[in-house]
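A.B. asks: The structure that follows is given in the form of structure tokens.
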């Protein structure tokens, strides 16, 4: 799977205050609109709740044949036999996650500095941002210049994340990205299908999808 990874429209999904039914409907509509990969990110759920929700999201992703990743929690990814995991710089090292998950699973890594490219052994793609201020990352912005440098030097695909919407995609034109990751642009949209469809159109218009 990692050799044919479509990162073009990457959804980071958090249930938040939505009902489970509404959450799963949002994800299904987003997939129908063009989402190519889903990462389940649940910081507020305990392990059992995360696992139970993960089972349902995994079933949905399997039915549409798109990859399903878990944020941070290698243990949950293992328990679910998810397609992979996305790690932050303070999570378990990628090489250890690779040892636990095996060669066929997808491992993504958050990255903000050029020098961190030295430590991406065993990683399939990079997530870089935030591109714009978000409620959780107001003080950790990544300049477009640095993002471009990381993309040019990275031997693996790079996904931009953080405050990305239709307008931001125009600003990313010319940068060698493999895709963009969104949260609120789809999860908070009135119509997840239309939001995803419009984002996908803008992605194809503006990104080379390296």
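Glycine too: its Cβ is placed from the backbone N, Cα and C atoms.
Pulled these features from Swiss-Prot for this protein:
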- 39, 40, 41, 42, 43, 71, 110, 137: 4-amino-2-methyl-5-(diphosphooxymethyl)pyrimidine binding site (BINDING)
- 72, 91: Mg(2+) binding site (BINDING)
A.B. asks: Are there any residues at least 6 positions away along the chain from residue 40 (4-amino-2-methyl-5-(diphosphooxymethyl)pyrimidine binding site) with a Cβ closer than 8 Å to its Cβ? List them or say none.
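C.D. replies: Residues satisfying the criterion: 13, 14, 50, 53, 54, 57, 68, 69, 70, 71.
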A.B. asks: Using CB atoms and a 10 A radius, I'd like the single residue among the binding-site residues 41, 43 with the highest neighbour count.
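C.D. replies: Of the binding-site residues 41, 43, the highest Cβ count within 10 Å belongs to 41.
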A.B. asks: Quick one, of the binding-site residues 39, 71, 110, which Cβ has the fewest other Cβ within 10 Å?
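C.D. replies: 110, out of the binding-site residues 39, 71, 110, has the fewest neighbouring Cβ atoms within 10 Å.
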A.B. asks: Would you count the other CB atoms within 10 A of the CB of residue 42 (4-amino-2-methyl-5-(diphosphooxymethyl)pyrimidine binding site), including those on all shown protein chains?
C.D. replies: 22
A.B. asks: So what sits near residue 72 (Mg(2+) binding site) in its own chain, CB-to-CB under 8 Å and at least six residues off in sequence?
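C.D. replies: Once residues fewer than 6 apart are set aside, residue 72 (Mg(2+) binding site) is near 41, 85, 86, 87, 88, 91.
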A.B. asks: With H, G and I counted as helix, E and B as strand and the rest as coil, say where DSSP puts residue 43 (4-amino-2-methyl-5-(diphosphooxymethyl)pyrimidine binding site).
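C.D. replies: The residue in question, residue 43 (4-amino-2-methyl-5-(diphosphooxymethyl)pyrimidine binding site), is coil (DSSP, three-state).
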